[in-house]
Amino acid sequence: MSTNKVVLVSERESLVSELASIAGEMSDLEFVDTARSAEQLGYALVEHDVHVVIVDAEFADMPYLELVRSVAHSHPSVGLLVATPEADQDLYGAAMEAGARGVLRIPLGLQEVQAGIDRTASWARALRAAAAGQAGRVGGGQGRVLALAGAKGGVGTSFLACMIAAHAGRRARVCVVDMDLRSGDIAYYSGVRAKRSVAELADVSDALTGRSISEVAVDSPAGYAVIAAPRDVERAEDVSGTAARQIVHELRRQFDLVVVDVGSRVEEAQATTLELADQVMIVVEPDIVSVRAARSTMHTWQRLSIRANNDVAVVLNKADRKREVQLELVRKVLQLTTAWKLPSSLPEIEAAVNTGDLTEVRSGPLSKAIGEVTDQLWSPGVHGPMGGAVRAEKPGRKGCSKRQRGRRSKAAGQATVELPLAVIIFVTAFLLCMQGLMLGASNVFAQHAANAAARELSVSPDRGDARAAAQDAVPGALGHGFSMTVDGDGTGEGSVRIKVDIPRLFPFIDKNVMQAERRASFQEEPR
């Protein structure tokens with residue numbers, strides 16, 4: 001496992017001691033230095049290959065936001081975290097705007113520090129890899145993690161996780177992990193029979209390798225890998241928070257996108273997964289019971305420092321205009337800005353749900369909406385939390401986001417450019433066909449005229465009659481440039497040659513090239 005090098009910027013010995021104690025319990029964290037001034041921080045960044053800088057919000061040498069901005073500008077590939085005893089929404093927003101990647105609460109907690117440093121260090125490594133022009137995956141985990149939680153059972157979390165994986169799996173390597181350890185349905189919806197489960201990975205979590213993952217993961221017909229929940233419910237106890245952390249870390253290395261279904265329970269493994277995830281989505285249905293359950297779940301996450309509310313997105317599943325609960329109400333109740341809705345479309349998915357085969361999903365509004373959510377959440381090759389392209393649906397716009405309107409504007413502009421080009425290509429092709437038709441017609445009528453002249457010359461030596469017969473055989477439109485030449489050796493045998501101009505549809509073609517010449521032989525009959 002890669003080591004994350006961390007520098008703390010603080011003058012408080014208590015905070016230094018807390019971080020040093022936590023570093024002693026984390027095998028993948030190296031606490032390299034403590035900077036008590038901006039100047040010392042500059043030296044530390046030069047001397048050490050630092051991944052994460054933790055800035056004390058009560059740093060006295062200079063305002064902490066100014067220090068964050070300065071480091072973000074001078075060392076853009078270093079991740080920044082702000083440590084503060086009171087992490088309210090205003091402070092969180094100001095820190096993010098200054099360039100920080102997250103906020104840690106004082107006193108520091110082991111799980112919170114682990115999750116924050118892991119996310120920030122992974123981001124820093126991915127950014128450095130992109131700047132260096134490296135292709136493919138990067139050691140230390142370039143893959144992104146999306147965690148889906150249900151407000152309560154039966155809201156469609158597992159099915160949505162599989163559908164997102166199926167859409168993303170067309171462009172990248174994707175794995176779905178069933179962390180709903182007591183009642184997971186991922187294997188059923190994916191149409192696979194798993195002999196091993198995430199519990200087997202937990203058994204060897206201290207020595208996880210790519211081979212361990214490949215032995216447990218099963219490829220689904222929809223194009224993504226599946227790590228199933230344990231069949232025996234008692235095996236759920238074997239998946240600890242530490243094991244979940246190791247599993248997620250290794251999956252980051254093996255896949256471009258890891259989709260985790262954490263179910264609706266909050267246990268140690270699920271809590272750890274939610275902390276490590278780059279993006280968390282909570283799925284609700286359009287009823288008050290579901291919305292209340294989502295609010296209760298998010299309150300629990302906030303109270304246990306698992307996930308801040310402003311770092312969660314909501315998905316309203318089975319949305320219907322006829323229902324009283326609409327997306328705007330859900331957003332207001334949960335106090336979330338990032339939200340999506342998926343239309344209710346049972347005929348589209350009924351066969352897939354009943355057979356456990358996502359390939360049976362019909363194309364329609366629901367499939368399209370899930371594809372759009374997937375595109376906004378994640379794009380291959382884009383670094384940052386899920387591509388950094390998450391957009392909330394704005395009220396009063398009939399569900400149309402700015403990104404969607406931008407795509408339509410771009411498509412309209414593209415059509416404006418392509419239409420004249422298509423017309424030009426069509427007209428050019430039509431003229432070429434007509435020119436070829438005239439070329440063939442000119443040669444046919446020239447041969448017809450030569451045959452007519454030869455017949456006249458075989459019965460009469462009068463070339464005037466032969467010329468008249470030849471001209472009569474050629475239509476007026478093709479008679480331009482008509483000429484007739486008679487060749488004979490005085491023995492009664494000879495040939496007649498007819499030339500006509502081929503009509504030109506392209507003026508730049510040489511006139512001498514556009515001529516049809518045909519020949520016919522004759523023999524004078526005895527008188």
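Placed from the backbone N, Cα and C atoms, the Cβ positions cover glycine too.
Features as listed in TrEMBL:
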{"type": "COMPBIAS", "residues": "397-410", "note": "compositional bias 'Basic residues'"}
{"type": "DOMAIN", "residues": "5-121", "note": "domain 'Response regulatory'"}
{"type": "MOD_RES", "residues": "ASP56", "note": "4-aspartylphosphate"}
{"type": "REGION", "residues": "386-411", "note": "region 'Disordered'"}
{"type": "TRANSMEM", "residues": "419-439", "note": "transmembrane segment"}
Intrachain neighbours beyond the transmembrane segment (419-439), with Cβ under 8 angstroms and 6 or more residues off its ends:
478, 502-506, 514, 516
Give the number of CB atoms, excluding that of ASP56 (4-aspartylphosphate) itself, located within 10 Å of its CB.
22
Averaged across the domain 'Response regulatory' (5-121), what pLDDT does the model get? Just tell me the whole number, please.
90
